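As recorded in Swiss-Prot:
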{"type": "DOMAIN", "residues": "3-120", "note": "domain 'MTTase N-terminal'"}
{"type": "BINDING", "residues": "CYS12, CYS49, CYS83", "note": "[4Fe-4S] cluster 1 binding site"}
{"type": "DOMAIN", "residues": "143-377", "note": "domain 'Radical SAM core'"}
{"type": "BINDING", "residues": "CYS157, CYS161, CYS164", "note": "[4Fe-4S] cluster 2 binding site"}
{"type": "DOMAIN", "residues": "380-447", "note": "domain 'TRAM'"}
Amino acid sequence: MTKKVYVKTFGCQMNEYDSDKMVDVLNAAEGLEKTDTPEDADIILFNTCSVREKAQEKVFSDLGRVRELKEAKPGLLIGVGGCVASQEGASIVSRAPYVDLVFGPQTLHRLPQMIDARRASGRAQVDITFPEIEKFDHLPPARVEGPSAFVSIMEGCSKYCSYCVVPYTRGDEVSRPLDDVLTEVAGLADQGVREVTLLGQNVNAYRGALTAGSTDIADFATLIEYVADIPGIERIRYTTSHPKEFTQRLIDTYAKVPKLVSHLHLPVQHGSDRILMAMKRGYTVLEYKSVIRKLRAIRPDLSLSTDMIVGFPGETEDDFDKMMALVHEMGYDTSFSFIYSPRPGTPAANLADDTPREVKLKRLQHLQATIEENVARISQSMVGKVERILVEGPSRKDPNELAGRTENNRVVNFPAPLASHPRLIGQMIDVKINHAYPHSLRGELVLVSDDASTATH
C-alpha cells in the first residue's frame with residue numbers, strides 16, 4: 001500500500017512553495033503521495049509561520065489534535081517545519097514530546113535522512129541550521145499541478161525591520177544562481193506551466209551569480225528578462241518586494257517585458273513617516289509614492305496590493321489618518337492588513353504600547369472596509385470589458401465550468417463545453433466579464449487561440 005504524507009501550511013507563498021517541495025522530496029525518496037486527510041497519513045507535517053502570534057499558537061493547537069492520531073497509529077511520524085520550527089527548535093519537542101521531526105525552511109531537503117535517523121534511534125530529530133543555498137541542490141524536479149507555478153529565487157531577508165522575525169527564522173538574503181532558476185523555470189514550461197511567480201522575502205534584492213561559483217552577478221531585472229525569453233512562459237509575477245530596493249532598472253522592466261503582469265504587491269506597512277522610521281523600513285511615504293507614480297506612467301492600468309500593520313507601538317490617530325490618506329490615494333486592490341503582533345526577540349517588542357486593543361481593532365476594521373469598497377469598485381469597473389485570462393482548471397463553484405485568472409489576480413468563472421476543457425486548460429484566452437461578485441468574476445468566452453478554438457467545436 002502506498003504511504004501518504006499530509007502537509008498543513010501556514011503563512012506566506014514561500015511556505016506554500018516549501019510545502020510542495022516537502023512532498024516532492026518525500027515522494028522521490030520514499031514514494032510517499034500527498035493526501036488531504038491527516039487520518040490517512042503516515043507522516044504529518046506542519047509548515048509553520050511565526051509572523052504573528054496567533055498563527056504560532058494555532059500550530060500547537062493543531063499538534064494537540066493529531067496527537068490522538070499518533071496514539072491510534074504508533075508508526076505515525078509528526079514533523080514541524082517552517083519559521084516556528086526555526087525559532088523554537090528543540091523546545092517544540094519539550095512542549096510536545098510526540099513530535100518526531102523539527103526542521104527549518106533551509107533544511108527541508110534533509111527530511112528523508114531525518115526520518116531514517118528518527119526510526120533508527122527512536123529519538124526526535126532537530127535540524128534548524130542555515131546551510132544557505134544547499135537546499136536547492138538536493139530538491140527533485142517539481143511535479144506540476146496546473147499551468148501556474150511558484151519558483152523560489154532566493155532565501156532569507158537582510159532588512160531587519162524592527163517588528164519582523166523573518167531574518168531570524170530564515171536567515172540573511174541568499175540568491176540562487178541565475179542558471180539554476182532558469183533551469184527550473186524551463187523545466188516547468190516543458191511540463192505545461194504558462195505562468196510563474198518568482199518568490200523571495202525581498203525579490204528586489206536578488207543578486208544571483210550567472211552560474212554557480214561565478215563572480216558575474218545578475219540583478220532582479222535581468223532575471224525577469226531572461227525568464228521572459230523562456231519558450232512557453234506567458235506571464236511573470238513576483239512577490240514579495242521591498243520599496244527601498246525598487247530600482248529604476250526594475251521600473252524600466254515594465255516597459256521592456258510585456259509578460260510581466262500589471263499587478264504588483266508592494267508592502268508599504270504604514271502611511272506615516274514617523275511610524276515607518278520606527279519600523280526601520282528605510283523609506284518615506286513620498287519615496288514609496290514616487291515608485292508607484294513612475295510605474296503607473298509606464299503601466300496606467302497597474303493594479304496594486306500591499307501589506308499594512310495597524311496599531312504599531314506609538315501609533316496616534318494622526319498616524320492612522322495618514323495611513324488612510326495613502327490608501328485613498330493609491331487605490332489599493334487588496335491589502336493584507338493586521339493588528340501589530342509583537343514577536344519575541346525583535347526590537348519593536350520592547351517599545352511602549354499604550355493604545356487600547358479596542359482602538360486598534362476599530363482602526364483595522366475601518367481600513368479593511370475601505371479597501372473592500374475599493375476592491376468592489378475595481379471589480380465592478382471590469383464588467384463589460386474583455387479580459388485576458390489564464391485558464392487554470394475546473395471551477396470550484398461548478399466543475400462543469402472553467403476558471404481562470406486575470407492579470408490583476410481575479411478569478412473568473414465561465415461556461416465552456418465539457419469536451420473543450422482539456423484543451424482550454426493552460427491556455428491564455430479572452431473572456432467578457434458579465435458579473436462581479438465579492439471574491440470572483442463571471443464571464444463568457446469570446447476569443448481563443450486557433451488550437452483552443454478547434455477544441456470548442
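Glycine too: its Cβ is placed from the backbone N, Cα and C atoms.
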Rounded distance in angstrom between the Cα atoms of CYS164 ([4Fe-4S] cluster 2 binding site) and CYS83 ([4Fe-4S] cluster 1 binding site)
12
Helix, strand or coil by DSSP: which one applies to CYS157 ([4Fe-4S] cluster 2 binding site)?
coil
Can you give me the average pLDDT across the domain 'TRAM' (380-447), rounded to a whole number?
94
For CYS49 ([4Fe-4S] cluster 1 binding site) and CYS161 ([4Fe-4S] cluster 2 binding site), determine the Cα separation and express it in whole Å.
17
Any further residue of that chain within 8 Å (Cβ to the Cβ centroid of CYS157, CYS161, CYS164) of the recorded [4Fe-4S] cluster 2 site:
LYS159, TYR160, TYR163, VAL165, VAL166, PRO167, GLN201
Given CYS12 ([4Fe-4S] cluster 1 binding site) and CYS157 ([4Fe-4S] cluster 2 binding site), what distance in Å do their CA atoms have, once rounded to a whole number?
14
List the same-chain residues at least 6 positions away in sequence whose Cβ sits under 8 Å from the Cβ of CYS83 ([4Fe-4S] cluster 1 binding site), in sequence order, or say none.
GLY11, ASN15, THR48, CYS49, SER50, VAL51, GLY104, PRO105, VAL165, VAL166, THR169, ARG170
Identify, in sequence order, the residues in the chain of CYS161 ([4Fe-4S] cluster 2 binding site) that are 6 or more apart from it along the sequence and have a CB within less than 8 Å of its CB; answer 'none' if there are none.
GLN269, MET279, LYS280, ARG281
Taking helix as H, G and I and strand as E and B in DSSP, count the residues of the domain 'MTTase N-terminal' (3-120) in helix, strand and coil.
66 helix, 22 strand, 30 coil
